[in-house]
Ligand SMILES: Nc1ncnc2c1ncn2[C@@H]1O[C@H](COP(=O)(O)OP(=O)(O)OP(=O)(O)O)[C@@H](O)[C@H]1O
């Protein structure tokens, strides 16, 4: 690598032409210096204008000659002349916009970004300068002699006031601001004033952040931030939000009668933890230790991200050769020559992540908990346990969004196993739907009884996404799943799980849960950092996400629908993912990297050569909504690749989320279970189903509507899932879908079954690329078998055009490749092609 660099720079020094990267860099430095000069001169003008103005006006450019007068401007006569020119004759104070533009242009040249990137800021700043000049002149012009809005501002104001009247000018200015807010900032007027303010602040901070050298991006993959979101020392060994922090509330009244046996009716030693509205006399706000539910802490993968167009040799060919390609994307190719760290998000630099205003602010229900409800439940628990001769010394309540946890301390001598054995009887006696007994609560030595609240609260997706925990989560694949019994938002890192099995009876919240998982990723990650592979045999659950095809989705080449629904295609996708996994392992091996984190770090530092096939690797999340149908129809053909992926894909950043509403053993097989230590169970109808999912009961005692158990390697935590409705999901999808995506989506490797590879005979009509017919017609009409012609004329990527050419060869339309020469075309007449294709179609 070092060698290559050396020789190329030696060559460059022989001939310093326009292609020499040093020239734009020099030019960039020059522009920055000019910007600094003008900035200082303008600033000085604010103080020296009175003295200098007369002299400059009298002498004009002659001021620059030797015999002119002296001036006060800190940057001499040139400073006085230029600042007067801009401030007095042009835009007044908004002339500082020119300084910004020069600075920005300088950086652009330094970074060797395309000039087209400057068009937007140029137009915006020019308009802002004009608007600003009018505004300043209109509002304050009559109070000062200083040319606040310059001649431009003064002229426009006087002209506009004559045409529209003073009030008309005010309305015009307000209209301009409104147009800006609607088109550029995309304000959601449904939001609260606070959100609108945040949107505006985010908009502007985002804009200006884009102009700083090496500033970390909002996705944590800034050029300087090579270790990505989970750099060393940043990610705790345990997934942070899985371990609830110790709350700081102190007990108001210490428990006095520890040894006393509790009787129903009394409220001694009944301690309650929960919403503040419970601060009633006689009830305590308790500082209890919290349940610890550590996640699997093996390894710590770090996201750096990837860009599908950026680095593959194919894509570089595409970027160089195709004039139709968006110049912004061609940054990528230039990015290759840079010495600064690589930043994958720069390939879609203007991508704006969805804002929470797209989600509804829901009425989460009253936080008030009825004291009599608590007392009644406490009495019933004590009484029921006494019936079984179980005495307790202390009971404490923790009120969650939908259930209250009564934590009891048994009297000395009561064996926990006794309570465990009586679990079903106790539940029956308590006779409320959804009672779950946890005996003992791991690490606490106490027993938990969860009882549903009469007035459950909903947990909205918006509130969990807005929570500080989510906002600050430095995880590779953060999932905002819901709230724990302690009303705390729980964020889990899918990258550490490393796969997730989701199961529950129909109508209990699974689809909402899958949506909240996807939403979490869409809200937190840039399209260059994560790709979603979606499989939806039911065809109804995931289809709205198809609009994200050129942003977040990955699928097979030639696939018309980016979301896979047919079983045969699903098998292809799964096997293709296995190939992707193997290819990623090969890349890791070549790069001597142990996992995706190390690999991407090396890539960011430009220690891996893209010409040798190295590229940025995004995380890939495979989502299967309803894999029961697949297992039933394709059995091992589906189960085996899933198991293989689950066993091996973690190190290369491929993670699986598979869901089913049929939690039976023939669906969730031993092989699947063994490879999915992290599982989510929604309510199921029978205990046996709960055992199938969680290896234990509990899911049968849930209350539905998003009430769920999250289990990781045996540790179980009860959560109220975040709720997001389909229209909200669609809003978010539209928000992203409307933005510019990659020219070519992220394609998975092609997978051919053995028969398909055997020869032309097995290639069916369905296998043909969507552009096959057009490409074949082109080749035949031109009698010229060239891939690059297909690429150019049909505006296809190099890979895809190459694949179409292979299919033509398989079908005998063209001869084999002949090096750089075009292939021989074996069909001479388009009618013959029509017959051939009809034939193929009829064969199916
Ligand atoms: N987290 C939640 N909070 C509140 N209500 C919820 C939550 N999740 C689901 N619900 C309620 O339960 C209903 C069913 O949820 P959902 O569609 O997710 O179930 P499902 O298990 O996916 O059903 P199916 O298997 O038929 O697709 C929702 O329409 C909603 O009313």
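One is the number of the first residue shown, and numbering goes on along the chain from there.
Yeah, the Cβs are placed from backbone N, Cα and C, and that goes for glycine too.
Where the annotation comes from TrEMBL, it is an automatic prediction and has not been curated.
Record features, source TrEMBL:
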type     : residues                               : note
BINDING  : 504, 505, 506, 507, 508, 509, 510, 511 : ATP binding site
DOMAIN   : 486-691                                : domain 'FtsK'
TRANSMEM : 26-47                                  : transmembrane segment
TRANSMEM : 85-106                                 : transmembrane segment
TRANSMEM : 118-143                                : transmembrane segment
TRANSMEM : 163-183                                : transmembrane segment
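Non-local neighbours of the transmembrane segment (85-106) in the same chain are 28-36, 38-39, 42, 45, 49, 53, 56-57, 118, 121-122, 125-126, 128-130, 132-133, 136-137, 146-153, 211; each lies 6+ residues outside the stretch with a CB under 8 Å from one of its CB atoms. Burial estimate for the binding-site residues (506, 508, 511): highest at 508, by number of other CB atoms within 10 Å. Its Cβ taken as reference, residue 510 (ATP binding site) is surrounded by 26 other Cβ atoms within 10 Å in the chains shown. Among the binding-site residues listed (505, 506, 507, 511), 506, 507, 511 have a CB atom closer than 6 Å to some atom of ligand 1, in sequence order. Sequence-distant contacts of the transmembrane segment (26-47), counting only residues of its own chain at least 6 positions beyond either end whose CB sits under 8 Å from a CB of the stretch, comprise 72-75, 78-80, 82-84, 86-87, 95-96, 98-100, 102-103, 105-111. Those residues of the chain, other than 504, 505, 506, 507, 508, 509, 510, 511, with a C-beta within 8 angstroms of the mean position of the ATP site C-beta atoms are 661, 682, 683, 704.
Confidence annotation: the domain 'FtsK' (486-691) carries a mean pLDDT of 91 in the model. Figure note: comparing Cβ neighbours within 10 Å for the binding-site residues 504, 507, 509, the maximum is reached by 504. Just so you know, the Cβ of residue 505 (ATP binding site) picks up 21 other Cβ atoms within 10 Å once every protein chain is counted.
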